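According to TrEMBL, the protein carries these features:
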| type | residues | note |
| --- | --- | --- |
| DOMAIN | 261-419 | domain 'SSD' |
| TRANSMEM | 264-283 | transmembrane segment |
| TRANSMEM | 290-318 | transmembrane segment |
| TRANSMEM | 324-344 | transmembrane segment |
| TRANSMEM | 365-385 | transmembrane segment |
| TRANSMEM | 391-419 | transmembrane segment |
| TRANSMEM | 483-505 | transmembrane segment |
| TRANSMEM | 684-704 | transmembrane segment |
| TRANSMEM | 709-730 | transmembrane segment |
| TRANSMEM | 736-761 | transmembrane segment |
| TRANSMEM | 782-799 | transmembrane segment |
| TRANSMEM | 811-838 | transmembrane segment |
Amino acid sequence: MNCCYLKAGRRIANLYSNYGKVISRNPIPTIILSVLLNALLGINIKWMQELDDYNTSYLPSNSQANMDAQKVKSFLTNSDLDNVFYHQINGDEIYGGVVFSVDDNIIKNSYKNEISIFHKTAMNIKVKSSDMELHTIEDFCVKNNGKCFILGSWYLDDHFWDNFEANNITYPYFKDQKGDFYMSDQQFGKVTVQNGVLKSARSLRMTYYLKQNTAKNKALSIQWSKQFVHELNQLKNSTVKFIVSNSETMATDIGRNTMWDPPFFVVVFLAIATFSFVATVSGNCLTQRGLLGIAGVLSTVISILGAFGLCAVIGVKYVNMCSMMPFMILGIGLYNMFVLLSGLNRASVKGTIEERIGSAMGDTGVSITISSLTDITALLIGALMTDLTVIRSFCFFTGTAVFICFLNQMTFVLACAVLHERRVAGSMHCITCQTVYTTDQMKTAHYRNKLTIICCSGHEPEHSDDLQSYAEMLPAKTLPKGLLNIPVKVIILVLYLGYITFSIWGTTNIGVGSQLTDVLRQDSVSYEINNFEKENFGMTTIVSFNIQGNIDYSQSEVHLKVDDMLKSAKTNILFDNKFEINWLKEFNNLYSNENFSEIEFIEKLHIFIEKNPMFKNDIVFDSNKTHVIFSRFYVMTIDLKSSSDQQLLFDQSHMIARNSSFNVLPFSIQFVYFEQNESALSKAILQIGLTFAACAVVSFVLIFDPILILFLIFTVASIIVGVFSLMSVWNINLNLFTTVYVIICTGFSFSFVAYFCNSFINSQRFDRQGKVNDAIIQTSGSIINSAISTVISIVILLFSQSEMYTTFFKIVLLVIVLNVFHTIFVLPVIFSLIGPLYDSIEMNSKQRTSSRTPLFPSRSAATWSITSGGVHAFDNNFKRLKLVSEEKVN
């Protein structure tokens, strides 16, 4: 059976080898075609569309909370905007808002006078309609009792001050003698409360709600909200601190939260290009591969261009999260290049160019393909399984870039490698392309300047070590000696057991949930307001239970069922046990529970609503006004600051609704945020598990060895469990964003581990120790260089002022470090003990092709000159060198 797996692997390797030979015959056309294709795709960038709406891109589109909200709003299309109360706010209003704070007590007349200046400024703002008529807020504001509904304006009324001085203002809500509710917890922050009575507060929130029921009102409201921010920010006050915002502030701030800044990219590009050059540099000016390293970086750059263009063509909208993609691709692309170079190191130095390129592709083609396909698979799963448009777009953009980068690596970079081999075969200098002579030959020709000799000399490679760069040579020479002895193996196994124990423990402590501030810059207004409100105001929310259907509310059993539903909510520990807004209860109190027929009930209900406009938007009649088809009842939560309590509230509210015999939808403007954190851990396990399965299938198709696949899956699982545990140590919560980050990194992990496994199984040695030795020599330099280049490419994210980007850097850093630990230290030790082995006959049959034509022909007829100032400076010296050589022969 093992023979079958080995033969299948060889056939796949032969396919890659043949492909490499085809490219080696046509490098120039391949380069031209690759560049042209990327350029043609890149032209389409000018048609790219951008999506910056917060509700569309950063909130789940098909979530239960969102669908429930849409159903509730569908019944309220004809709401009376002249009788709106705070508990009826649905969350999508146009508004202008300002929060005030002081160091002592804001409920003082001195502060009232100063805050009234802000209020008067807002009320006097004038905007023009399309017919050039001037309007103030009075013309298009949402109203309550005939006045503009402004949350917090109660603070400026004598009604508030009279009740405050009489110690009547209760907290978290106040109900006056008329039955009107005032949400004191939503207006005052950092409060002092004694026996449920408000004594002082250090902050105040005022929000001006505007109409958008007509196109004219909507245009005026948007214009006013912008002018509101502009004019209030012009006011100066030395005693009262204030922050101004409007309904568009969030979208504006999210639009600013991007990493795409040309100077940033140029800095990272130069850093990566420099590292790529240094990682491929050696002391031999003939075999020097620094320019080939630069070519690898250029291939990733044109991949980014092509990916943006292709996504624009297929209609994928750009979101600011996609600004991370260019930095990611720089790291991913260099991994494939380093793997290809390691294959060239192993190819026979005596082979022809075609044989060397074919051999390199045969050795590394599978690893390069697995790397790209597992990354693409992980990104595709991330795109398909997420509920957020922003993550879906990011995954599509990045997956497209990985695919195009793979094509460029298999064409552009491979063709550049062919040109590099041709230069080496022609004994040409790595920069000047002049003929290269050895150090001894240059000294014989009387060149004494050491710098000249170092910069101009070179020699033909006699074995693979002569092809390695310093960065590849160091780990290849030191790691096998250090790792493959018994004491070091014991130490590594003990460390690994400790790592596994810690990882399992740490995973149980991982936090779950996301914050609104995760997608904002720390210097943005929205970030400042969100933190201010979190510190100053309680996290209470009003939950409405919305009953749909044609129900006869005149029947007493209906009243009992409604009371039971609300009672089950108020007795729940997550809800306030006193707060209740219940129109049916108020109706029964007014009519002393009289028995009415349905027709009489409806007639009385119409009269009741006219006298109690507070309930006007809580009851919806059919078109004939003879039946109630929708109604809602309200309760309020306690202060819920932890994400676990918020998730529990969402679940408990829906459970209460399901237990009712009515068709009930629970609704809160906060549910769409709370639901994102619901079952985040189980969803993450499901998505990562599916990614595991898909990547394992991809790897098996190319490696075709079930034993290696088991090692592969176990190792990647060990890495991801370690990532979870270290996330808990680093206080990184598991949410929709971090789950996708881990999914992407799962693809990275398969790339690294599969590369080592494939190198182990393809080794020509017959014992485990020898095969591990070969695998370390081939992979260690590439893995370390790839890890460093990946960190360099995304280190710029660490300096971002957004948690969304810094978290991505942290998770990728954890994955890279753990991948290096597993592939460089753990796997070699495990494989040296229990790695799979094949029959000697089978292994012996796999022989490398020896060259029929030497790669390095005789240079007896070669001429070399370096132009300096228009003079062939070295010609005379090498003429003397030739004469001396001829005399020695004679």
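The backbone N, Cα and C atoms fix where each Cβ goes, and this holds for glycine too.
In summary, the transmembrane segment (684-704) does not lie against the transmembrane segment (324-344): fewer than three C-beta pairs, each 6 or more positions apart in sequence, are under 8 Å. With Cβ pairs under 8 Å as the measure, the transmembrane segment (290-318) is packed most heavily against 391-419, out of 391-419, 709-730, 782-799.
When Cβ distances are compared across the two stretches, the transmembrane segment (324-344) makes contact with the transmembrane segment (782-799), since 3 or more pairs at least 6 residues apart fall below 8 angstroms. Below 8 A, the CB atoms of the transmembrane segment (391-419) and the transmembrane segment (736-761) form 3+ pairs separated by six or more positions in the chain. By the Cβ criterion (under 8 Å, sequence separation of 6 or more), the transmembrane segment (365-385) is not in contact with the transmembrane segment (811-838), since fewer than 3 such pairs are found. Contact counts against the transmembrane segment (736-761), taken as Cβ pairs under 8 Å, peak for 811-838 among the stretches 264-283, 483-505, 782-799, 811-838. For the transmembrane segment (264-283), the list of distant contacts is 289-294, 296-297, 301, 326-327, 330-331, 334, 337-338, 341, 454, 468-473, 785, 788-789, 792-793, 796: same-chain residues at least six beyond its ends, Cβ to Cβ under 8 Å.
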